[in-house]
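Quick look at what TrEMBL lists:
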TRANSMEM  B:12-32  transmembrane segment
TRANSMEM  B:44-63  transmembrane segment
TRANSMEM  B:75-92  transmembrane segment
TRANSMEM  B:104-127  transmembrane segment
TRANSMEM  B:163-183  transmembrane segment
TRANSMEM  B:216-240  transmembrane segment
Amino acid sequence: MLFYLTVILVCQLAGELIVVGLGLPMPGPVIGMILLFAGLVIRGGIPEGLTRVGDAFLSNLSLLFIPAGVGVVLHVGLIAQEARALGAALLGSTLIAIAVTGVLMHLLTRRQRARAGEGRGETGDRS
Amino acid sequence: MSAPASLTELWVYLAASPLTALTMTLIAYQCGMWISARAGFSPLANPVLLAVLLLVGLLLVTGTDYRTYFEGAQFVHFLLGPATVALALPLYRQIERVRRSALAITVSLLTGGAVAAATAVAIGAFFGAGPDILASLAPKSVTAAVAMGIADKLGGLPSLTAVLVMITGVIGATLGPLLLTLLGVRDPASRGLAIGTAAHGIGTARALQMSDLEGAFAGLAMGLNALATALLLPLVWGWIF
């Protein structure tokens, strides 16, 4: 367990170093994710200990957004003042983006799905 | 240390300890999950939103400032980094799927990411938002850590962006699945990709609850959209403004 937690943190740290070193405009953990992914591809599988550590993080992912979200208290005034613009922009653009992305992907992969015969009962994929 | 003389002093003492904010965050999350379960996991009872509202209420009632709260909550906040790295797992589990759909993913994701930023700015401008607000709005579909960096580059307010990102995530996680069902998009790969592109980690957390496949595509979309937006948005912004 502790070994694989170390592996994850090493990937993140390496990601941060690459970002700072190369002056990339993206966050270190995203590069860390790519590094870990590359490691899994090279290794050709996920070690059991890593599954346990990784899934512990992912099954509680929602929790991790709470501290940043509470930061809303810092901007209550500004948000109230711009409520109409912000509300319309957030609601409108999020729904439009979901619709466009989902429908486009759905149309582009339709033939593929038909070929694979996955039209029915394609939900119970939980591991 | 002398014993606290009153309830107020006791609170002042407790509020200064990181343990209190950390514990409150976990309790608020448990409450959010409990209420969400009681509501039959209705997407309208989003546990993150409920927990945030509880904590904001608590801070306002007790007069505690955000910085004091964050002293303790940062231990939870820190774990976002390793959790992002761990998204490599669902991604790897779906590697075959991803490889087969590589072109469809690229096209859908770039289009969706561009639409998310462009519509946010257009709607905001239509309602008369100023340039700093628009710059804070543009990266709102991207995961918080990246979005704050982009907003800073565009001349926005990073801490406002963090909040807008959060609200975007809740909107996407709450209404996204419903909208996709109404549009007849039922395959988990397309649903996950859409929710991850538009609603980053909070959407991904929701998608992971549906299925591993949906979660994998959401996580993939979140990562790639963060990458694409971080690279392209500052360039495009420079041309337009």
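Even glycines carry a Cβ here, placed using N, Cα and C.
Contact between the transmembrane segment (B:44-63) and the transmembrane segment (B:75-92) does not hold: fewer than three of their C-beta pairs are under 8 Å, each pair 6 or more apart in sequence.
Outside the transmembrane segment (B:216-240) by six or more residues, the chain places 84, 87, 90-91, 93-94, 97-98, 105, 109-110, 112-114, 116-117, 135, 138-139, 141-143, 146, 149-150, 153-154, 188-197, 200-201, 203-204, 206-208 with a CB less than 8 A from a CB of the stretch. Long-range contacts of the transmembrane segment (B:104-127) within the same chain: residues 98, 133-134, 137-141, 190, 193-194, 197-198, 217, 220-221, 224-225, 228-229, 232-233, each at least 6 residues beyond the stretch ends and with a Cβ under 8 Å from a Cβ of the stretch.
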